[in-house]
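Right, one structure below, let's go through it.
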Amino acid sequence: MCASPAMTTSGEDVDYALRVSDLGKSYAKADGTGFRLHQVTMDLPMGYIMGLIGPNGAGKSTLIRLLLNMTRRDSGEISILGRDPLSREEEVKADLGVVFDSIYFPEAWKVKAVEPVMAPMYPSWDSDRYHDYLRRFGLQENRKIGKLSRGMQMKLMLAVALSHDARLLILDEPTSGLDVLARDELMDILLDYIGDGRHSVLFSTHITTDLERVADFVTYINRGSVFYTGPKDELMEAFQVVRGGPDDLAGAQIPYLMGLQRSATGFEALVPAEHLKDFLASASPAAVEPSDGRYLVERADFDNIIRLTAGSPAATDRNKEVES
Amino acid sequence: MKLIISSLSGQPIYRQIEDQIRSAILTGDLKAGEGLPSLRHLSQELRVSVLTVTRAYTELAQEGLVENIQGKGTFVADSGDQVMRRHLEDRVQSLLGEAVDTARRAGMEPDRIRGLLDGLLGDKGSAPASEEGKE
Amino acid sequence: MKAIAKQIRLDMQRFSGAGRTWVGVLIFMSVPLIGILLNLVMALTGNDGEDARTALTGAVASMGIGLLVGLVFGMFVDFSNTAIRLNGLLPITRDHQVFGRYAAVILLVLVQSCGYAIFFFYATDSFLHGQDHWRDTVLFASGLFLLESLLFAVATPLFYWLEPVKAMIVFLALLGLVPIMALIGSLLPLDWGTFWNSIMRSLTSDLWRPMVLGLALILAVDMVSIVISRKVYARKEI
């Protein structure tokens, strides 16, 4: 049930807010290790919210910087709002709103300096809207930006991003400085933003609880590779979390699981839903029903999935070169 | 329409939405022909993703409980409550079928099964007579 | 182009400490105007001998150049911290950012040179050889314009490449090479005196030759400088 194709300000029909295909980037880090973003492919249809999740250092911020051409890609294609962001960079960025994890204005500036700087940049700048947001967020014009709290700085970036009819909103770890109330408010704002079906959101975070309810699509990146991309519900239903005692895990069961954590009091395993029966059948003695008593089987949520797959063999194999 | 969704309940959110809409149709809170909130409106109200609401509506439409009219929205099907009822009856039949199979495997006699059933019906939802089952 | 104009405005705002676009221009006009005021004061207090005027002219010229260096440093302050990310999200390509920055500075230096011309004309008698006050005014202002443009052309690629503080250090070190080279030159057994005299004479024989030569030099140096800046900035990680 898709909304009708959305029109961009230039009048083109766009079905996808963002398409990324086989994106790759590798570089050497200061500490001598290397990093590689490898064959990243994902699509975000217009009118929806996509969460970008994964542990720290997985490559989420690198991906966002590649989308904004802040760093150059080694390979792959990107299409933002139906256009090539390299050859039509200014057109594309005029329709993008961006919120980073820290403020991108000099800290010496005052809040009131922002509008004269940003307004001329965007033909569709809406000054009334901008001031409404400043009021709503409680941002005072005479305060120095450096003196604002992290959360207020994020809100300032958000106010700017929402004030020029950007069609795609990109947020890179915006919630780390916010309390729960502010995060709820942000979710409300995002849902309202996509409300007419003509705007989309890409939201990268490691605080997964925010996204679990609100994201339509999810891309899970781990160690530079895409572990999963697609509808959020499918990811969560693709796995079950199985818990058991320390001696309840047999060798025969290992091939069926995707991720595992062991402790003195037991284990926690991530089992693909289609393998659950086999997993239980390979126990010794075999377990027939999930309610066997030995095992506790639950729905997986983002935290479990990330935590249990962060060091998984599958992810490691794909990125063997990273370790050099 | 009252909808209460919990992230913690263990049940997928789309299923919670479905169940509650089904109940509302059954009890008549949602009447035939009445419009459901738009996808995006409901998603904002409940603070859940649009696709989740979409899925709930789609599954309800597949069951014949609601109709999606292109360009207008989603409406309770004309015979929605009847469809619901038939639906539930089918479900009761299959659950009873399972119960009977299980009872047979346990070696229970038909009379004993009927006795249990009467006990459950008679108690009208208070704690089932589980003491008799424990042997 | 619109994007370049956006960048010019942005850099003016950065230079002014944000918000006000035309403050930068006013600041740049201020140095020659201060010179004029000082000259008035000198005249009123009777302190306006040739030495005094020479000193004043030298002071005004150095202040202007110092202001330019400060300007360049100020424009690039955003490269040293998270504020550089603004350059990544604005709808201005990197090339246009470079063109805009060069255009902004050239504009400011041009404005300043006009100010110098006014200052020189009203505040000093000619202390160069020759009696043509007009010509000397034009030569002084253009000479400063040339000098400042050359300094900017050398400094800017450095600032696109390195962090502002490091770039400044390298730049000052390069400037420091000039007196060193002059020192070495003076120790060589060459007759610099006549050499310079003959050059100066040929340059200042009429007005147009030095102007055309100067303009050609600025254009050439700026073109090379822009090419280098573009290359450096294109590869920079924001």
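We count from 1, first residue shown onward.
For all residues, glycine too, the Cβ spot is worked out from N, Cα and C.
Keep in mind the model is a prediction, meaning the values are calculated, not measured.
Positions annotated as transmembrane segment by TrEMBL: C:21-44, C:56-77, C:98-123, C:138-162, C:169-188, C:208-228.
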**Cβ-based contact of the transmembrane segment (C:21-44) with the transmembrane segment (C:138-162), 3 or more pairs under 8 Å** = no
**Complete:** Per the Cβ filter (under 8 Å) with a sequence gap of at least 6 from its ends, the transmembrane segment (C:138-162) is approached by 57, 61, 64-65, 68-69, 72-73, 76, 79, 98, 101-102, 105-106, 109-110, 112-114, 116-117, 120, 128, 170-171, 174-175, 204, 207, 210-211, 214, 217-218, 221-222, 224-225, 228-229, 232-233, 236
**Best-contacting stretch, by C-beta pairs under 8 Å, relative to the transmembrane segment (C:208-228) and drawn from C:56-77, C:98-123, C:169-188** = C:98-123
